[in-house]
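K.L.:
Got a structure for you, written out below as structure tokens; questions coming shortly.
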Amino acid sequence: RSLPAGDPAMATARQVLCLFALLSLPRARCQPLRYSVAEEAASGSLVANVAEDAGLAPAQLSARRARLASEDGRQRLRLDRGTGRLVVAERLDREELCGQAPTCTLAFELLLADPLQFLRIEVALTDINDHSPLFPEEQITLKIAENSNAGLRFPIEGARDLDVGSNSVQGYCISPETEYFSVSFGHRADGDQYVDLVLEKPLDREQQAEIGFSLIAVDGGSPPRSGTTQIHVIILDVNDNSPVFKQELYVGQVLENMPEGSVVLSVEASDLDAGPNGDISYQFSQGVGKAPSAFAIDPTSGEIKLTKPLDYEVTEKHELRVRATDGGGLSVICKVLVEVVDVNDNAPEVVESSFSSPLPENASPGTVVALFSVKDRDTGANGKISCLLEDQMSFSLRLAYKNYYELVTVSTLDREETALYILTVTAADSGSPPLTTTHTFTVDISDVNDNAPVFNQSSYTMYVRENNVPTVLVGAVSASDADVGPNAKVRYSLVPAQTTQQPACSCISVNSENGQVFVLRPLDYEQVKQIDVLVCASDAGSPPLSVNVTVRVVVLDENDNVPLVLHPPQDNSPTSSELVPMSAEAGYLVTKVVAVDADSGQNSWLSYHLLKATDPGLFAVGAQSGEVCLKRPVTERDTAKQKLVILVRDNGQPPLSATVTLSAFLLNDFSDVRVPHSNLAMENEDDSLTTYLIIALVFVSLLFLTSMAAFIACKVCKRKELKDGLVLYGASNLQSSLAEAATVGTLPHPYCYEINLTTTSGNSEFKFLKPILPNLPPQHGAMGEDTNNEQDFP
């Protein structure tokens, strides 16, 4: 019978026909093949080898057209005919196929043809932990009264886990842990799971109005999965707290002239309860007497206001009681004290008794400047007066007696910092608001000499060129004094040297009025390079104060010294002679001119120049070194005796110079001494002269000592006449001695002499000086020296 498609009766008929067909097959296998596979296995995953388990060769599966047939017609598993393996064809979700069933099995048949045969195959899907517990709500709100007893349970809808067995929900916990709640869970007799929150201790809304924590469900998978919901507990209030005033006693002050409706004060109470239980109303309590006739209270804000003016003379204080009541009927009472304050309508008065001005700046601390009294016609607090000095750095007020005050100094005064003080004394009573009166004292500070002069520099350096004109101005010092009048007049002077009253340096002078510094006489840089003096600045105070400063006068060099030739010597010795071999080449060092200059700086920089020569082309002079060298080789045509004049010049402006003359002898062989023979003879002659002069000097000295000894002996032994004769005889002997000394060429005794031995000269020389006795003729040396050399007295 044909049935329309989709008819349930048709599906039933097909199942019946298949059942008859299977029962009619002679080779149907009674025991099914059972396998298992984990859910969510990947497509192509191996389940089992069906051909091997059924005892069939893989070739038979293809030959007999093996295929799989299921009741719903979906091919969730696939048979590989070539290998006989059963593999996963598509994603397998146990929860989707079987829901919460304890077991989940996929049943299908393996159909074979030629001959017709079928095998039943059952594949069990094993559960994996692929689902987390899930609460029905993300947040659960509980409202619990604060007077609930401990142990009260609050059921919670538990979490659901799609997994089964040990992968389902296994326990619950609270995070973070709280002292008020714990969680209890288990299974009822019918198998359903329950979850309860258990109240562990009573709640107090006044301490904590809300409690929040997380409820966590954990399954038994590996690794375990969890689900969370937020628990929000709102604690409901009950009227378990009475109102509380912030103060047990309220005190307010009211001026007697305050108008009607003025606020005296406000009372305030608080209630820890919430809602209507925390709403507070205020009213006067019974037994207030006549107070309500003068006062009224706002039931909501607690403000107490005046209903009529108060009279201080009738009642000074009013005592009230205020009751605060909450919405639950609980109440509390406080005390209110209202004080009536007298009106302050009189300002204080300041009466000056004595005042001293000007005040010297050296007045000691504690000096009384002024004495005054204060008074007020009001009474009580309105008549109580306090005085305040605005500037309390240098002055202060001191209570002398009752209402008398002294204005005194508290520190040392300094007129240079503040010359005038304007002091304001404020007298104020204790009224509300207070009334004040101000009185001004103007104190002038007189000067005392307490500041020494101060130089504008710590030291002074001044410059003057040597060879200056007398009394030249080189600079000025300047000092100032912070005092005034005569105490500030500054005079300058040089500080005496040590204990004497003479200036430290006679060549320096300072103007006492303006501090100008003068150099009184010319200075020589080569003798004095700088002069340090102390200049004193003193004021005209009594006693005067002074300060010293160092003044350094630096002498600047000028080019006033000509170069001095050290080598060859340029005194009265013969001209220096140098020997040059004929075989000398260009650059041969003949000699070196050495000179110095007493000046400094560039004035002492020396340069050497060949000023004159017998053959200028033969010699050259080093401009900086002074070395005399050959410019070219010596030839036979050159003159045997060469005379050179060398100029030594400094670098001053204008430059100064000196000349030196030397001779050079051109020799074929140094063994030939005929050419310099005359020069050597002169040197031997000079040595002999020196020896003779020393012998003559010793002889004259011995003669003088002998004569003096004889004279003294004769004067002691003989009479006066004999002494006169001895004098004539000594004079005649002296004249004969002088004549004898003149004939032998020695020096007479009345001459002063000086021996000058130089290291640069090869000769020892005497410098002859003018005789002490003017009636004696000048003596000449054996060498025939010039009589004009050094004839002055020392």
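Numbers here mean position along the shown chain, with the first residue as 1.
Placed from the backbone N, Cα and C atoms, the Cβ positions cover glycine too.
Found this in TrEMBL, in case it helps:
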| type | residues | note |
| --- | --- | --- |
| DOMAIN | 29-135 | domain 'Cadherin' |
| DOMAIN | 136-245 | domain 'Cadherin' |
| DOMAIN | 246-350 | domain 'Cadherin' |
| DOMAIN | 351-455 | domain 'Cadherin' |
| DOMAIN | 456-565 | domain 'Cadherin' |
| DOMAIN | 572-678 | domain 'Cadherin' |
| SIGNAL | 1-30 | signal peptide |
| TRANSMEM | 692-714 | transmembrane segment |
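Please situate the listed features within the shown structure.
P.N.:
Here the domain 'Cadherin' (29-135) has a mean pLDDT of 80 out of 100.
Break the domain 'Cadherin' (136-245) down by DSSP state and the numbers are 3 helix, 56 strand, 51 coil.
Each residue of the domain 'Cadherin' (456-565) gets a DSSP state, and the totals for helix, strand and coil are 4 helix, 51 strand, 55 coil.
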K.L.:
From the DSSP assignment alone, can you count helix, strand and coil residues within the domain 'Cadherin' (572-678)?
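P.N.:
The breakdown for the domain 'Cadherin' (572-678) reads 6 helix, 47 strand, 54 coil.
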